[in-house]
């Protein structure tokens, strides 16, 4: 409203916006006081943000008297309630920093407050300025728990406040678990499911699974199909932790790791495992009246074990158990696929007394638990039977070796018989060479036959002298003759040495033996 007081006559009052006349609202209001007139006029309009700051002018004048023109101006200030701009849905990756925007048009600037749906308290508050009428909310380290719907409000005490909702989606690698159900070796198969939970919820599963045993380590790798691993022909060895891995394309914050692992424990209950002795049967040798002991190492993943021993007759097990059994604990070496894993197990000592001959024979040790049993056959034999079996084996080996030796002796005998005459002649002539010096004291037989005539047709070793064995002096005579000269003593020593190296023959045996001993 614009009022021009104390004028005479009645004057004109108008409103202008710059040099442009604005639409007046109604006729001027005129009042008279003491002969003077007061004129008032107002203008009404619906302001917009474009009107904010505009200058409006009120003029009072008399037509034809411009010099009497009076004017007054006013700046239009438009106060606005906050109006928040639309906020798009937001996506952040776990481990990163993210800012939720909130901007408003208002005059004066607004105060911004942030809320999270489900929480009543203000989680963040800030004030805008004329230059920056915004209130963003920054999460410095995004966690998956930050996912949700957030509300930004703007209020400047002008009329009502404004508010906008925004949805924050936090992406993160999947949490992976293995869904498994314990089973027994009586079942045909077991299926393990690799389950992933992450954002986004589209996954790629790695085909390789790994199996580990607690406190030992990796056992082996398996190949699955999609997110499923199927195990068949189940035994205790299939027990263990199974690990699979999956990805949804989101890397672990700060790393290049993409596939996330997850594990689950599978227990396959099985019948006891006899780890020692390794064979399903073994033999023990004993004597009558002796106690026989047999030791077993047993593993069971299905509780304690029971052991019973039965005598076996005609392949039929006896009705009642025999002997005594003692069970304690120890560490056994358990075969798990291609690994040997130390595990707690049972030490089983079986005692049987061989009181009568009928006590020898075959026994079966039945080791059982809640799932099933294993059988070990024990064959107890007398020491004689064991020795006989050993002799039989030795006789076979000895027969082979003896046969070879017999063949060699036969061949050698044939060769010796074939060359007998040459060998005898050679031996006699060697003796002739060593003993020829004594021929001077002994006469040749009257028939002048050569004592080694059997060699006449053989190649001869020529000698300058010979002696006759039929007229050979006695031991005493020979010794006395040899003692007469040093030369003879040397020849005697030569004869003694030669005689010791050659085997005595026929009538000369006693002479050679005595000569050597002397």
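Just so it is clear, glycine is given a Cβ too, placed from its N, Cα and C backbone atoms.
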392-418, 419-445, 446-472 - the one TrEMBL records as transmembrane segment: 392-418
For the domain 'Ig-like' (82-167), the mean pLDDT of the predicted model: 95
DSSP residue counts for the domain 'Ig-like' (1-75), split into helix, strand and coil: 3 helix, 44 strand, 28 coil
